[in-house]
Amino acid sequence: MTVKQTVEISNKLGMHARPAMKLFELMQNYDAEVLLRNDEGTVAEANSVIALLMLDSAKGRQIEIEANGPQEVEALAAVIALFNAGFDED
């Protein structure tokens, strides 16, 4: 089963190196594949910092998060919490 949710980027600088690293590090704790899709359809695996940077998503943009795997629900909740916290940057 796959779980999905859309979130809005709330941190001032959007998806840049620091948030990408935080997300990458967070994903190491979960047995799940997590994909992020921006509003232009670009997809990035959450376990790839380079792919996350390619999302080129600024503050206010929508990101769809999709998780699949044994810990998909937990992984999705953790990613949503990180986005909602503005990656602890603000």
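Placement of Cβ uses the backbone N, Cα and C atoms for every residue, glycine included.
Predicted, not measured: the structure shown is a model, and the values here were computed from it.
The active site, pros-phosphohistidine intermediate annotation in Swiss-Prot covers H16 and is backed by sequence analysis. The domain 'HPr' feature in Swiss-Prot is assigned to 2-90.
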When you measure from the Cβ of H16 (active site, pros-phosphohistidine intermediate), which residues in the chain that are at least 6 apart have a Cβ under 8 Å away?
L53
Integer mean pLDDT for the domain 'HPr' (2-90):
96
Over the span of the domain 'HPr' (2-90), count residues by DSSP class, listing helix, strand and coil in order.
33 helix, 23 strand, 33 coil
